[in-house]
Amino acid sequence: MTLQERDKAHLWHPLTQHKVKPDALGITKAKGVYLYDEHGKEYIDGIASWYTCMYGHCNPFITEKVAQQMQTLDQVVFAGFTHEPAVKLSEALVSILPGNQQKLFFSENGSTAVDVAIKMAFQYHFNGGDKRDTLIAFEDGFHGDTFGAMSVSSLSVYNGPFEDFFLKVIRIPTPDGSNNADVVERLKQVIAENKVAAFVYEPLVQGAAAMKMYDLNGLQSLLACCKENDVLTIADEVMTGFGKTGKNFASEFLEIKPDFICMSKALTAGLLPMAITSCTQEIYDAFYDDDIAKGFFHGHTYTANPLACMAALAGIELLASEDVQGNIQMVVESHKEFDQEIKTHPKVAGTRQQGVIYALDLNIKMERYGNLRDMLFKHFMDQGVFLRPLGNTIYILAPYTITKKELEKIYDSIKSALDLVL
Ligand SMILES: *Cc1c(COP(=O)(O)O)cnc(C)c1O
């Protein structure tokens, strides 16, 4: 029996209605930018497996470091103990984070990184004797699937069973350049009428909203308004972090730095699940007290797992390397050339790019998981390219290590896909 057949007995896949989507393709190995299925067919991983393995799959520089670490220290409780991989990672990460980020708190995935920031924000105010109960988020944001992260994400038909149990969140539109003043007014009004603890946002690019890019100055004004009103700012860089936007972190494009940054996905180069919530010294100091209850009593079992820390360290080393930085430039330029070629195509409604993130909207209305999406997905897979269209958007977010020739193959598959669209 194939993996695809055996899978059906016991496995329940994420984000899947199994009655409609009964089949999961068996993947047997991955190397560099390629995935290999159980029939031996290869696919370019055009979305770096949800933008995690940005240095290519099974990158030997990373796997060797992790394999070595495995022989030395596999796992230890991080409450009361510390270890070299975590200490080294803290030094390396703080050196590339925006300068105001000084303290790192570990968890296990992007959702928990956001939950940690939310809990810290509430407790920061609470510890100061100022109990607050409201969060602000963008209408079309995505921050994860745990309760806190889900609460600050956009509302969708999938939230139905849970909405009554959400945290108190007020949603505002993303600034698009033309509505900036209105959105700031709305924010001011929300802050005036509620006890707002924090504002949660994906800086510059909203991944799950089909790589929606919004106005930098608008965001800057919102952050300024938050600062003036003692509302903490939580930058969810789970998608944008580690070089994708053209800088190490999207927050670097903004003059006003956030109080928290949430990181996961590419943090560990796609090797192991881990997340970090960083924050300022000021946040940390609000928990530092003789009173034990003012501490942050939150912890996950695999906190700062040494193997995951080692993968993260190796990833940061690669990110800073000339090779990877040079290749990022190549990808950025290459996307720009492709954009020139494709943006006036009659079946393309619009295109956008931020760093190595490239997205194009098809000139067609369709359901997010409608038939066209399935047709496009199949087309790409037939062509040996793994892309995952979202709604009427096709986006590319390939590993930094991709070659020009491999990029061309992705572009060709998109060009031929446009012929399928009526
Ligand atoms: C993927 C993602 C998350 C959730 O991360 P998980 O590891 O899937 O829990 C949160 N925020 C953003 C911006 C993401 O892209």
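Every residue gets a Cβ built from N, Cα and C, even glycine.
Over in TrEMBL, the protein carries these features:
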- Trp50, Lys265, Gly299, Arg388: substrate binding site (BINDING)
- Gly110, Ser111, Asp236, His300, Thr301: pyridoxal 5'-phosphate binding site (BINDING)
- Lys265: N6-(pyridoxal phosphate)lysine (MOD_RES)
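Per Cα geometry, Gly110 is the residue among the binding-site residues Gly110, Ser111, Asp236, His300, Thr301 nearest to Lys265 (substrate binding site). Straight-line distance linking the Cα atoms of Trp50 (substrate binding site) and Asp236 (pyridoxal 5'-phosphate binding site), rounded to a whole number, equals 15 Å. The substrate site in the record is lined by Trp50, Lys265, Gly299, Arg388, and its two most distant CA atoms lie 34 Å apart. His300 (pyridoxal 5'-phosphate binding site) sits 31 Å from Arg388 (substrate binding site), taking the C-alpha atoms as the reference points. Taken residue by residue with DSSP, Thr301 (pyridoxal 5'-phosphate binding site) is part of neither helix nor strand, so it is coil. Neighbour counts of Cβ atoms within 10 Å were taken for the binding-site residues Lys265, His300; the minimum is at His300. In sequence order, Ile47, Phe377 constitute the residues six or more apart from Arg388 (substrate binding site) in its chain with CB-CB distances below 8 Å. According to DSSP, Asp236 (pyridoxal 5'-phosphate binding site) sits within a strand segment. Working note on the binding-site residues Ser111, Thr301: by count of other C-beta atoms within 10 Å of each C-beta, Ser111 ranks first. Taken in sequence order, the binding-site residues Ser111, Gly299, Arg388 that lie near ligand 1, meaning a CB under 6 Å from one of its atoms, are Ser111. Looking at the residues that bind pyridoxal 5'-phosphate per the record, Gly110, Ser111, Asp236, His300, Thr301, the two CA atoms farthest apart are separated by 23 Å.
Note: Gly110 (pyridoxal 5'-phosphate binding site) has non-local neighbours His143, Gly144, Ala149, Asp236, Val238, Cys262, Ser264, Lys265, Ala275, i.e. same-chain residues 6+ apart with C-beta under 8 A of its own C-beta. If you count neighbouring Cβ atoms within 10 Å for each of the binding-site residues Asp236, Gly299, the highest count belongs to Asp236.
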